[in-house]
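Written out below as structure tokens is the structure these notes cover.
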Amino acid sequence: MSKFNRIHLVVLDSVGIGAAPDADKFFNAGVADTDSDTLGHISETAGLSVPNMVKIGLGNISRPIPLKTVPTEDNPTGYVTKLEEVSLGKDTMTGHWEIMGLNITEPFDTFWNGFPEEILTKIEEFSGRKIIREANKPYSGTAVIDDFGPRQMETGELIVYTSADPVLQIAAHEDIIPVEELYKICEYARSITLERPALLGRIIARPYVGEPGNFTRTANRHDYAVSPFQDTVLNKLADAGVPTYAVGKINDIFNGSGITNDMGHNKSNSHGIDTLIKTLQLPEFTKGFSFTNLVDFDANFGHRRDSEGYRDCLHEFDNRLPEIIANMKEDDLLLITADHGNDPTYAGTDHTREYIPLLAYSASFTGNGLIPQGHFADISATVAENFGVDTAMIGESFLGHLK
């Protein structure tokens with residue numbers, strides 16, 4: 001019998017809590033990640049007021065220097081700790097795959113200086129369209145169409161760009177390059193990026209519409225991912241008949257592997273929280289696992305190095321946390337964590353190699369305190385033990401510490 005009938009895992013994308021022990025091996029604009037501290041630096045530079053996460057125990061997580069504006073709680077309502085990554089990467093897919101039990105020993109490839117000519121030329125030859133070389137670099141998805149959309153409308157060239165994650169994205173105006181044509185080009189791009197030196201996690205079709213100065217991306221986005229190289233705990237759950245619900249980009253991150261119910265993409269964090277709440281309210285969801293990613297922290301504020309915007313985004317989540325809890329049942333377990341860091345005060349624009357926080361809450365708890373410090377995969381091991389399935393490659397369950 002399961003200790004918790006339902007477990008809900010919410011990933012606050014990029015909300016790290018201090019440099020990891022191996023941060024000296026990871027860099028931003030030539031600067032090692034050793035001084036990165038997403039939550040710490042936001043609390044120092046912008047101020048941070050997250051009373052609902054404080055109640056669970058966020059301020060009690062062990063740190064060399066306490067969070068400046070996040071107090072400790074004498075009698076928290078939950079259990080907390082911080083977790084270390086063992087995989088060789090600090091991207092979204094690596095973090096999520098490890099959280100679900102895998103050890104990624106060969107990281108995906110990222111292209112901070114844009115994609116090599118060999119790849120661009122192959123895409124041009126296949127598509128019969130030229131590629132705008134000036135867009136070939138890490139770029140905001142909205143900024144890239146603002147900057148190059150007018151040119152694409154005139155010439156029909158492709159907008160190919162990347163990000164901090166191991167992705168190749170192709171933006172195309174639907175009136176200039178039909179969606180089905182864009183999909184075929186992306187399928188080809190997927191076929192040539194499945195091994196080194198260009199092993200990419202995802203190819204993303206990014207259709208948009210509108211006129212110069214007023215472009216908007218459409219719902220016709222399509223992701224061409226790769227499946228995890230081995231079964232994750234999601235697969236173990238699905239194979240055992242335990243329903244799994246994906247909210248936000250979780251389904252894309254795992255290429256649908258082990259997901260029995262995809263609840264769709266999020267338009268924003270607020271929309272994602274709405275979708276999570278609707279998922280919690282589903283009458284058929286009496287037992288199982290929900291997995292939510294809220295990406296605005298990372299996409300809108302971490303990469304853009306916007307501390308105040310990041311702070312406000314954390315405030316927004318914290319303000320809505322009581323709504324999530326109000327829609328949980330007494331025998332539900334809520335786990336709040338992250339997948340990597342993205343310190344908005346740091347050099348460069350890339351993710352930062354950090355510990356991630358873990359907050360655990362259930363109305364059924366009679367105790368509280370600290371969970372032993374562990375690793376990302378401890379989350380999946382805990383989920384696995386609760387539902388009576390095998391773990392994946394790595395992870396130690398902390399289920400016994402939750403009382």
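Quick reminder: no glycine exception, Cβ is built from N, Cα and C everywhere.
Just so it is clear, the model here is predicted, and its values are computed rather than measured.
Feature annotation from Swiss-Prot assigns Mn(2+) 1 binding site to Asp13, Asp339, His340. Within the same chain, residues at least six positions away from Asp13 (Mn(2+) 1 binding site) with a Cβ under 8 Å of its Cβ are Thr92, Asn293, Leu294, Val295, Asp296, Phe297, Asp298, Ala299, Ala338, Asp339.
In the three-state DSSP assignment, the secondary structure recorded for His351 (Mn(2+) 2 binding site) is coil. Under the heading Mn(2+) 2 binding site, Swiss-Prot lists Asp298, His303, His351, citing sequence analysis as support.
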Take the C-alpha atoms of His351 (Mn(2+) 2 binding site) and His340 (Mn(2+) 1 binding site) and report the distance between them in angstrom, rounded.
7
Least buried by Cβ count (within 10 Å) of the binding-site residues His303, His340:
His303
Report, as a single number, how many Cβ atoms besides its own are within 10 Å of the Cβ of Asp339 (Mn(2+) 1 binding site).
29
